[in-house]
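Peer 1: Let me begin by handing over the structure; questions about it come next.
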Amino acid sequence: MSKTIPLRPANEQFTDSQWQAVFDGDENILVSASAGSGKTTVLVRRVIEKVKSGVDIDRLLIVTYTEAAAREMKERIQVALQKAMNEEQDPERRRHFSRQIALLPTANISTLHAFCLTVIRRFYYLIDIDPVFRMLTDETETLLLKEDVWDALREQFYAENQEEFYQLTANFSNDRSDDGLTNLIFSFYEFAKANPDPEAWINGLTQAYEVGDQLGESTLFQTYLKPLAVETLQRTLQRYEEMVTLTEGEEKLQKIWYLAQNEKEQTKQFLQFLERNDLESAYNLTELLSFDRYPTVRAEELKPTAEQAKQLREQNKKALNDLKKQLFTLSPDAMKQVLKEATPIVQGMAHVGKKFMEAYGAEKRLKNLVDFNDLEHYTLAILAKNQADGWHASEASVYYREKFDEVLVDEYQDINQLQESILYWLRRPLSAEGNLFMVGDVKQSIYSFRLADPTLFIEKYNQYGQGKEGKRIILAENFRSRKDVLDFTNLVFSQLMDERVGQIAYDESAALVHGFDQFSEAADYSTELLIYEKKATESVEFPELQSPELLIEDKTEGELYVTALKIRELIDQNFLIYDKKLKTDRPITYQDIVLLTPTKKNNLTILDVFKSLEIPVQVNDAQNYFQATEIRTMIALLQLIDNPYQDIPLAAVLRSPIVGLKENELVLIRLANKETSYYEAFLTFNQKMEPTMEEAVVQEKTIRFAESLEKWREQARRNQLSNLLWTIYRETAYLDYVGGLPVGKQRQANLYALVDRAAAYEKTTFRGLFQFVRFVEKMQEKDKDLAEPVVLSEENAVRVMTIHASKGLEFPVVFVLDMTKEFNVSDLNERYIFEENLGVGIRYLQPEERVMYDTLPFLAIKQVRLRKLLSEEMRKLYVALTRAEQKLFLVGSYKDQAAMWKEWLKVGDVETLVLPAENRLQSKSSLMNWVGMTLVRHQKADEYQQEVVVSNVPQVKKHPANFHIQWFNEEQLRAAIQQLQLPERQAEDLAEKAQLSADKINRGLARLSFNYPFEVATRTTSYQSVSEIKRVFDDPDNKEIGKIEVREDNTIQAQPLIVNRMIEGDLSKPKFLDTVQAPSAAEIGTATHYLLQLIDLSKQPSYEEVRAVQERLVENKLILPAIAEKMNLEQIVAFFDTALGKQLIQHHQTVRREQPFSMLIEAEELIQNYPETTQDDLLIHGIIDGYIELDNQCILYDYKTDHVKGTSPQAISEIVERYRGQMNLYRRALQEATHKEVSHVYLILLNGGVIIDMQTGNVVDFIK
C-alpha cells in the first residue's frame, strides 16, 4: 500500500510524476525515466526527503553503474544537505543535517562492485576466504592468466588421450590452430560466471538437444523459430497480393499476373504446413521451390508497373530463399540425427569448461586474486545459504535487510541476472513492505557486452504496471532538448521499436514529451541527414585538385569531410544556439559540437581530416598509443633485449634514431652474411677486420649498439623493467630526442606512460621482460590499445566520443557519424553461440563427411541473439539521438541516391505504424537504413524523391517532425575544400614572390641594428619552481622576500626580488663526489612525503599500517633502506591524533594530496627593477602537499621535516617568516584553481612536533 504523498506546492518545479517518484514509498517502485527527464535530480531529492524525515544517510544503499556516477551523486547530496542545513532554523534539525554531512563520506553510495567488496571484507568468514586479496582489474593480465591456466589444462587433456576432448577440438578448431577451442572455453566461462548458479547452467546445456520425435512441437521451434517464419511468409503473401492487384486486368501484364498467382499459392501452402507444425511437408516443398524467369514487358507505358511488380517479386524471392537457408537445409529426420551426434560434443564442452573454471578459480586463490565475477559470486554466497528446503537469507542478508531502510538502484536497465540475485537478498522480502527503488530507462540499455539483461527491467515494467508486487512511475518529460529533436526521435522510434525489436513498445507512455519551453526559434533546428555519395566522380572545373593530398580515399573520409565542412559552415555563419546558463541566444562555438561514433576505429582519420580544415578537435581516447613511432621503437627494442634473434625488431631499432642507420647501411649488414639470421649477420659485420671506409662508419655505430644491447640484456635479468626503461632513455637520450620533434611534449608523455605501464605491470602476477613483451603483444593481438596520455587539450574544440561514452551526457549540437556502417553480427557466424537462458547452440562438424551442420539450438539461439543484438543497436540509436539539445545531424554514405532510395522504399507500401519485423531484423542493414525507412512514409520525403509512396499512415504522414536531406559527392567536396584552402595558398605564393628581395634586404638591416627589447628577461628564467623561489626566500640577504602577501584581489604584494638571484645556475654536486654516505635531510623529507601520500585516510592509521606502507615503498625501491631507518614513523602516527589529522580522516573523500600546479605571475611582482613597460610573465610551478576541499572553502596544509631549533616564540616566528612567501604562493594557486576561499593554511613541523597557523603565526596544536 502506498503512503500518502504530500501535496505539490504551486511553485514547485517538479512535475506530478517526478513528485510521485520523490515521495511515494512503502512498496517496491520502478521509475522508467526517459532521456533528459531529470532522473538523477529525482533520485537525489528522494534521498534528501528521506533524510529530512529522520532517516540517516548510512541507512540507505545507493547503487550506481559507474564510479563517476557515485562521486557525482555524493557531491549532489552533499550540496543539497548543506543547503537544507543552512535553511533550517531548528537547532535539533540543523544538528541532524550536520550529522548526515559527517556520515556522507562513509555512506553506502557506490557501484555494486564496490559494495560487494564491503560485504566481503565484513563477512569473509562465512565463505572461508582470505580477506587480503588483490583485485584483478587489468583485462590483459586477466587474459594472460587465463591462457596460462588453459595451456596447462589443455596439455593435461592431450596427455590423457581422451576421445571426448579430441572430438571437441576437431569440432571447434582447424588444421592450423586450436584457437577456436580456446575462444570457446573463454566464452563458456564468461557466460557461466554471469549466471547466479553457474553449475546449474552448465548441467542444463544438453537439454536443448533433447527435442523428442516431433521437431515441430519442440519449444525451440515453437517459441524461437516459428513466429518469425510465419511473419515472413505472411509479409511475402501481402507482396504477392500487391503484384496481383498491380497487374490484374491488363492483358500485356497477364504473364506477370499468372506468375504472381502461382507463387502466391506456393507460399500459402508453405505457410499452412508451418502453422500445422508439419516440418516434413514444409521441407519437401522447399526442395521443390523454384522461381520462373520474370516475363519481359515491351509496352513503354506499362514498364513502370512491371518494374514495380518485379521489385516486389525480388523481395519475395530473397525472403523465401533466406527462410530455406535458415530452417530447411536439413530434413527433420536428418536434423534429429545431427542433434543426436552433437549431444556428446556439448557434454564434452560442459566437462572441459567446468574443469577450466575450477582450475582458473584455484589459480586465482593461489595468487590471492579476485576478479569482478568473483566479487559478485562471493557476495551472493555470503548473502544466501543453500539448505535442504531451498535458499535462505544468511546472517549477512538479515543484517543488511535490517540496516537499510531503502535500496536505491540507478541505471537498473543495465543490471545482470547475478546482480539481480544480490539485490534480492539485500532488499526486504516480498511479504514485507517493499524498500527497493529502481530508476532506469530500458531504451538506453546498451551494455550487453557486459551481459546486462534488460528483460529484468521489462518484467518489472510490465508487472508493476499491472500493480503486481510494486508500482511503476513513468517520467516522460524531456527537459534537455528542443521540440525539433524530440519530434524527430519520436517519429523514428514509434515505427522502429516494439517488444520484438527493442524489447519494449514505443507507445504514448514511452514517447518523449517536450518539457523545456525557454528555447527561442532563432534558426532552423530541424534534423539534417548528410549523405555522401560514394560513386566516383571526376573534377573538371578544378583539375588541379587531383593532387594526392586532396584525394578522398574512401567513404569514411568522404563522410568526415562532409561533417567538417558543415561544422565550418555553422561556425562561419554564426549559427545561433540557446545558452541555458546565459538564458539567451549566442553564436555557436566548436566546444558546443560533439561527434558520436559507433567505435573508436576512425578516430585517427577524424584527427587528420579536421586538422586539414583547421578545425580544433579533441579526441582524448584515440587509442593509438601503440601506433606512435616512439612507442613502436621502444617495444621493438624491448623485444630485441628479450631475444635478439628477431629480424624485424632489430632492423627497426637499427633504422631508428637510437642507432641511426640508413637503408643502404642496413644492406651492408645483410651482405656480411646472407645465409643466416639478420642478428648473426649483424654480429658478423661487427667482427669484420678490414672494413671499407663506409663500413667503418657504420661499424662504429653498430658495435656501440651491440655493447649497449648486451648491457641492457644483463640489466633486464637483474633489475626492474621500469628502471631498465629509464636507463635506456638516459643512455640513448631518446627521451630528449623525441621532445624536439613535432608534438614533442606528447611523444615524451607517451614514453613516460610506458614507464608507468611497466611499473603497473610489475605489480601484477607476472614478472620479467619476456612476460611484459608478451603482455604488450597480447594487447595488440586482441586489438586493444591504450589511450595516449593527455598533455594539453583545446577547450574550444569539437569533441569526439563513442555512443557508449556519451550516455548520460548532453550537447548543444550532435553529429552521429558512420550511420551506414553495417551491423556487426560476426559473432553469429562462429561455430558456437551462447545465450543466458538457452545455453549453447553449436554447428556440428560431421567427421566423415567434413560437412558443417547448424543444429536446431544453434538456429534458435542465432535468432534470439540476432534479435537482441539489433535491439541493442536500436537502443544505441536512441541514446545517440537523445544526446542532442538543439540540433541533430546524421551522417552516412550510399553508392548514390538511387541506392539509398532502394533501401528506404522497401517499406513504402507498409500500412501499419510499426514497420514489419522482417525489415527491422535484416542483419546486413544499418542505423541509417532504419532511420530512412521511418522517414520515407512522411510527407517531407516527397520533396526529395519521385517514386510514389503507397502507404498513408496518418501518424507517420502528418507527423510534426521536420528534417532535411543533403547529398554530397566527391566533386562537390573538392570544390568546397578548394574554396577554403586554395585562395590562401595562392595569396601567400604571390606575396612571397613580390616581397622576396625586399625581405632579404630588410632582414639583413634588422640583424645589424637589432636591440633586444626584453634584455632584462634574459637574466631570469621564465619558468620558476616554488622550491627555487623558496631558496631565495631562505637567502639571508633576501629576508624581506618572505613578506609576500595575498591581497583581497588575489594578487601578490611583495618586496621585489633582485633579478640575478632568480636564476638557479648552480648545479648540485654529483652523488659520486659526495663523501657523506648518510641520508640527507632532503632525502628523508622526500621519503616522508611519499609515505604521507600513500597512507590510507579512510580510518585512523596505526603504527603497523604506516610501517607496512613504508615497507612497500622500500620493496618497490622508492625508498632506500638507509633512509627508511631515519624516518620518524611515531611522529607521523601521532600527527593523526591531532585535530588537523582527525579532520583529514573525517574528510578523506575530499582530501587532495600531492597536487601539482602551474600559474602565471607578472614578472614585475617578483623581480626588482623589472621594467613596468615590459609585460612578461613567470610560470611558477610547484606541488601542494595537500588540502581539504569543502563546500565553499579549502584548508591548505604543508609538511616540513626540517630540523627545528626549539618552539620558542622567536623560533616559531623565524619559521613563519621563512615559509610565508611559499605558503602564500600555494594559497593563491589553490584559490585560483578551485575558485574557493582558502580559510586556513597550516604548516606541520613533524620534527618540531607543532602545527602552525600561517595566517596568525601561532602554534595551534602539538604532535605528541
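One-based numbering along the chain as shown.
Glycine too: its Cβ is placed from the backbone N, Cα and C atoms.
Annotations per TrEMBL:
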- 12-482: domain 'UvrD-like helicase ATP-binding' (DOMAIN)
- A33, S34, A35, G36, S37, G38, K39, T40: ATP binding site (BINDING)
- 520-808: domain 'UvrD-like helicase C-terminal' (DOMAIN)
Peer 1: Determine, for the ATP site, the additional residues of the same chain whose CB lies within 8 Å of the mean position of the CB atoms of A33, S34, A35, G36, S37, G38, K39, T40; present them in sequence order.
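Peer 2: So the additional residues around the site are V42, D441, L475, N478, F479, R480.
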Peer 1: Which residues, sitting 6 or more apart from G36 (ATP binding site) on the same chain, put a CB under 8 Å from its CB?
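Peer 2: Residues satisfying the criterion: N478, F479, R480, S481, L512, G515, E810, T882.
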Peer 1: Would you pick out, from the binding-site residues S34, S37, T40, the residue whose Cβ has the largest number of other Cβ atoms within 10 Å?
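Peer 2: The residue with the most neighbouring Cβ atoms within 10 Å is S37.
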Peer 1: Across all protein chains in the structure, which of the binding-site residues A33, A35 has the highest Cβ count within 10 Å?
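Peer 2: Neighbour-count leader: A33.
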Peer 1: Under a three-state reduction of DSSP output, how is A35 (ATP binding site) classified: helix, strand, or coil?
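Peer 2: DSSP assigns A35 (ATP binding site) to coil.
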Peer 1: Can you give me the average pLDDT across the domain 'UvrD-like helicase C-terminal' (520-808), rounded to a whole number?
Peer 2: 83
Peer 1: Relative to the Cβ of K39 (ATP binding site), which residues of the same chain, six or more apart in sequence, are found under 8 Å away?
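Peer 2: For K39 (ATP binding site), the qualifying residues are V31, A33, D410, V439, G440, D441, L475.
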Peer 1: Near the Cβ of G38 (ATP binding site), how many other Cβ atoms are there if near means within 10 Å?
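Peer 2: I get 22 for this one.
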Peer 1: I want to verify one value. Collapsing DSSP to three states, which class is T40 (ATP binding site)?
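Peer 2: SS state of T40 (ATP binding site) = helix.
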